[in-house]
Amino acid sequence: MIGQTFQWLLDPANWTGQGGILAQSLAHLRYSFLALLAAAAVAVPIGLWVGHTGRLRWLAVNLTGAFRAIPSLGVLFIAVLLLLPRLRGEWAYEAPALIVLVLLAIPPILSGTYAGVQATDPAARDAARGMGMTGAQVLRQVEVPGALPLIMSGLRSAMLQIIGTATIAAIVGLGGLGRFLIDGQASRDYAMMAGGSIAVAALALLVDQVLALVQRAAVSPGLRHASAG
Amino acid sequence: MIRFEDVTKRYADGTVAVDDLSLEVPRGGITVLVGPSGCGKTTSLRMINRMVEPTSGRILLEGEDISQRPAAQLRRHIGYVIQHAGLFPHRTVLANVMTVPRLLGWDRGKARAAAIEAIEKVGLTQDQAKRYPAQLSGGQQQRVGVARALAGDPTVVLMDEPFSAVDPIVRGDLQAEVRRLQQDLGITIVMVTHDIDEALTLGDKIAVMGYGGHLAQFASPAELLAEPADDFVADFVGKDRGYRALSFAAPDVAVRPERTVRVGENVAAGSGWVLVADDEGMPQGWVDVAGWGGPVPAEKVRRFGTVAEAGASARTLLDAALSSPSGRGVVVEDGHLVGTVTADQVLAAMRREGHVATPPGSPEEAP
Amino acid sequence: MIGGVAWETLGELTLRHLYLAGVPLLLGLLVSLPLGWLAARSRWLQTPVVAGTSLLYTIPSLALFIMLPLILGTRILDDANVLVAMTLYTVALLTRTVADGFGSVPGHVRQAATAMGYGELRRVVSVDLPLAVPVITAGLRVAAVSNVSIVSIAALIGVSQLGMLFTDGFNRNAMGPIVVGVLACVVLAVTLDAAIAGLSKVLTPWLRSGAGA
């Protein structure tokens, strides 16, 4: 089995062309980053607002926990059954899956952002106001930079969630590396399934490491020292 | 220059933090708000830069009602130092200190120059300016906090328990530094502390606040020690206030000339305690010439006793006399011997000048 | 019948789900206790152990289910694949928490225990471990909830549990079984979560003293 899997992985024919590993990887990345951006566009502002004002705190605290209990596969099927009959056009098959990807990515980003803002040293916040910063200046100059490590952690775990869910979303017709897993099973081609799995795992590891690098670059060295000491 | 007019702060739950406070903080010098926790001293301080809004009454800064100025804009012109410094961990020391100048809209170059100047004023180096707060000690962080408050050239600086989180030795250094900065820059400092010793050491004027947020007494340290307004103040100022008051009296004591010898010089047996000085006339210590005579051996010189500068407070003079093995306190000027005083002389001078009451029946003046 | 699912089937699938999510929880705890303890104990083991185990978590579950037969030599439909995969995820989540838990034991308590003559192993078991319980069970609750959710994905490779209701409903275009399956998953997760929270309370009577923490 191992031999066949590697044979499949090493066969150039499986890499190139439409539906090849490269094309599917790119599709997978495209969906994933699109979903991450959309989720961040919703979750980061809300998280900042909750953290800055302290309002709706219970929502941010409980949301991640509650969402973790919901099985993504079930939600995916529900979304497709509900939405597919109502959608038309070329995105009709992809939209329900993408919506689920975005929904599932919101809680980790939201709670990470909220927790990051909350973790700002109250003395630093007090000093910032006392020096004459407006609320927006406190948020932008003190709370956001301080929250960055946890915002980035939230984005990273959201991204893992997205890549995993995008993989299983192949069952409802989404492109990406999940195709090899689902199509391989349909055609009882284990080498294709296993090869696709290895590719997906490698992609997830790679993306996570890239985001880790971004995190390193984005976070002030002053905060690194603080966490190390 | 800062005037509280009938200022009251009552919170929504009914607790009164500050009760009808009227107070005038004089220009220049250090005014200390002191009192037990929950007495409203921090609330009072934070009302000056509108971090807290009064429920009633008003506060005037240079005759102008502060509630008429936008809070953020007002705060940029008032320095603010807090207990844990509240430095921004993601910014270097330099960037931290540049905060207020940048908020004031100064260009980067001017803000940078002002920040570097402030950093040097508080005794930090250029090298430390490039570091992040987490790389500094607690005392250094607090210095950065002070520099950050000074960088925008404020005339008023508010300090909320600025030194209570650092160890006692560092605290002493920082207190001296703040005193020096106040004098050099001629700024007005309003400081909150719960530590009466700190208040007495630093304050030119002290406002003692009591439970329920009312002002118990507003006076100079010497007045506070000599004439506490009520039992609460007397109690808060503490048991040692008789001794502490000595710090604020500088009696005119006639210093007596003291003969000195050098190490190796001959002394006659039975001379008693003799003061040893070096070639420059700097006092070195005392030697007990009792059952022996001849050249003074270096190892017999005892570096006992504190030394008082000429014109020092009664407390310092008495301490020099009481800690000296000969009972004669050494008085110096720039390290050079002026003479010695005894405890009796100091007390007599204090009686003469009215610092100490003379009980009936006691000899009017000891020699 | 509920939502087109026979009660008997629902019960059977729930038990299967509990087995596939619960057993790995225990196995994972057994593995992460020593790993986390090692990580908490030595500074330079901490990064590789914690980073290494959390790396497992980046692998999407469906991919892991499919890859394991390659490594284990099992058949693709084997329960063992799911059990091992879920154990790995549990270890990935728990090792860091166990390390944090042991790290949260106050140094003075540890030193007092050593000073009284506890041996290393005995101290870890009878002093450090009980004190680390609140942190460890908090991690265990997260792992339990996420295990229940992830196990349902194994339906895609034909391993039966509540997730089968999803594929079944989807194939028949029937919403009923899917909704029942989702609800059953959530109820199972919440129950496990509450059970572990309760267990944690029982194990830490000293945290219950009237005044609270």
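Each Cβ is built from the backbone N, Cα and C atoms, and glycine gets one as well.
The feature domain 'ABC transmembrane type-1' is assigned by TrEMBL to A:29-211.
Tertiary neighbourhood of the transmembrane segment (A:31-51): same-chain residues 57, 59-60, 94, 97-98, 101-103, 105-107, 109-118, 139, 143-144, 147, 151, 154-155, 158-159, 162-163, 166, 174-176, 207, selected by CB-CB distance under 8 Å and a gap of 6+ residues from either end. Sequence annotations record features per position, and here TrEMBL assigns transmembrane segment to A:31-51 (among others).
Positions annotated as transmembrane segment by TrEMBL: A:63-84 (among others). Listed by sequence, the residues of this chain that lie at least six past the ends of the transmembrane segment (A:63-84) yet keep a Cβ under 8 A from its Cβ atoms are 92-93, 95-97, 99-100, 103-104, 106-108, 110-111, 161, 164-165, 168-169, 171-172.
Positions annotated as transmembrane segment by TrEMBL: A:91-110 (among others).
Annotated transmembrane segment per TrEMBL: A:158-178 (among others), in sequence order.
Within its own chain, the transmembrane segment (A:190-214) is flanked in space by residues 1, 4-9, 14, 21, 24-25, 28-29, 32, 152, 155-156, 159-160, 163-164, 167, 177-181, 183-184, which lie at least six positions past its ends and keep a Cβ under 8 Å from the stretch. Feature annotation from TrEMBL assigns transmembrane segment to A:190-214 (among others).
A Cβ distance under 8 Å defines the sequence-distant neighbours of the transmembrane segment (A:91-110), meaning residues of its chain 6+ beyond its ends; these are 31-32, 34-36, 38-40, 42-44, 46-47, 50, 60, 63-64, 66-68, 72, 75-76, 79-80, 82-84, 151, 154-155, 157-159, 161-162, 165-166, 169, 172-175.
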